[in-house]
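Record features, source Swiss-Prot:
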BINDING   Lys256, Asp261, Asp279, Glu340  Mn(2+) 2 binding site
BINDING   Asp261, Asp338, Glu340  Mn(2+) 1 binding site
ACT_SITE  Lys268  active site
ACT_SITE  Arg342  active site
Amino acid sequence: MKIYFKKNYLPSMDVDTAVVLQVEKYENSFGLEAVDPKGVAKKSFLRENFKGVFGTQVKLLYPEGSPVACLQVMGLGKQEEINDQTFLKTGGLCFPQLNKANKVVVFADALGIENQTSQVMHFALGLLLRSYSFKHYHTQKTKNEKNLEITFITENAELCQKEFDDVKAILGGVNLTKELVNEPANILGTNEFVERTQQLQTLGVEVEVLNKETLEKLGMNALLGVAQGSQRPPYLVVMKWLGGNENEKPVAFVGKGVVFDTGGISLKPSNKMEDMKGDMAGAATVVGLMHALAARKAKVNVLGVIGLVENMPGSNAQRPGDIVTSMSGQTIEVINTDAEGRLVLADALWYCKTKLQPKMIIDLATLTGAIVVALGYEYAGLFSNNKELVKQLVHSGEVTEEKVWQFPLGPEYDRLVDGKFADISNCPVGYGAGSITAAQFLKRFVGDDIPWAHIDIAGVASGKKKNEFNSSWASGFGVRLLNHLVKDYYENK
């Protein structure tokens, strides 16, 4: 797909489809007269009772000799309620209507509202996000949407062209995350995941890979224990984007990367086990974020740390009741081998905090089914030891439509993770609050001396999280959220 920005529409552009944006109850639409000089559209509005309500649309086909063959009118909703997210969603809703088009013109400056470059950028992003599909393994190929040419007509064309590079960077990060999560586990194991991270080096990201021998020397027995039952080797991958000042401490993002999770000896039910190929979505989000930041040359120092393992049953697999000593020196009683993500993160978080010494850490993981029970598929769970970081994440979530909801942490929950035969239990039984106790477990490896947040994305990373601008099984959730967080609160600071 090719995107262009022009200040004026010319009939010589030879487009076959035009898209016009309609503010609710507003009489006119920018560009409508240019492509519909005979006023056919307004007559159709009356017949269809189209008033420009958000999410509604009218599609008109024109006879040969008309300026365009097809006109798509998209409702933006009420004037006072329109924002960047309105344009993001409208762009996503628009894309399926363009499946037969070749050259499209979008009149992006809606009449009745103050037009801003960010609105055009969000429309373009929504359209591009919706265009993603994962069909690598289908043998019957459909039309290649990449041949589509779209020209946005806007007063801010020159500025839009400059800012579009950032949109492409974010899009690349989101789509990379989707690709990683959508890939089947027989294609994307730990070795292959490492190779994907190393491709970030072309963007200027430094990539360090810690293999099994190195992890053993570091004492990462919590992470290593999860990998015991699999023939695939474990890794810790450290990615660095150093776009800020030389002496500036980095911000860090840590991701759970279980490339397939059978549950181990505590075997999962067979129903929907195939979805466990997506249990590395936290790591995939971190990789996608690093891509986005590097591609847009973010002026900030950022670390991405991911623990890569496969959780399989086998004669050498970790057993319920095993006790392991983590890199921190704290001992962990493994009550449930299917509570493995927190074991991986325990060592990854400790390594990140003590060896890399960032000024802030955020971890992401498809950690608990309990978060889905609590929040469903609309919000990710947020846990933190820092009120300011919570405010930043909540705001970024609202702005990007990747929303987070804060849960409590505290001593009354912390004591629930005390172990019977070791310092900590990886799965407290009979207390409820499964997502909270999982977060309290992680907090044992971070403490209170560094701002930290844990985002449980089990309900939003894949499966049910489809919306106006995403039709993929994998949602790519978190890349736009964290990119906004970095840009607004940590870049150029």
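Note that Cβ sites are derived from N, Cα and C of the backbone, with glycine treated the same way.
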Worksheet item: Which one is closest to Arg342 (active site) in space, judged by CA to CA distance, out of the recorded positions Lys256, Lys268, Asp279?
Response: Lys256
Worksheet, complete the sentence: Looking at the recorded positions Lys256, Lys268, Arg342, the one with the fewest other Cβ atoms inside 10 Å is Lys268
Practice prompt. Quick one: pull the CA-CA distance for Asp338 (Mn(2+) 1 binding site) versus Lys256 (Mn(2+) 2 binding site), whole Å only.
Written response: 14
Item to complete: Note the Cβ centroid of Lys256, Asp261, Asp279, Glu340, the recorded Mn(2+) 2 site, then list each other residue of that chain whose Cβ lies within 8 Å of it, in sequence.
Response: Val226, Gly257, Val258, Met276, Met280, Val309, Asn311, Gly341, Val344, Ala365, Thr366
Worksheet entry | Env. residues of Mn(2+) 1 site, Cβ within 8 Å of mean position of Asp261, Asp338, Glu340 Cβ | Val226, Val258, Thr262, Gly263, Gly264, Ser266, Lys268, Met276, Asp279, Asn311, Thr337, Ala339, Gly341
Worksheet item: What's the CA to CA span in angstrom from Lys268 (active site) over to Asp261 (Mn(2+) 2 binding site)?
Response: 8
Worksheet item: Which has the fewest other Cβ atoms within 10 Å: Asp261, Asp279, Asp338, Glu340, the binding-site residues listed?
Response: Asp338
Practice prompt. For Arg342 (active site), name the DSSP secondary structure in the helix/strand/coil scheme.
Written response: helix
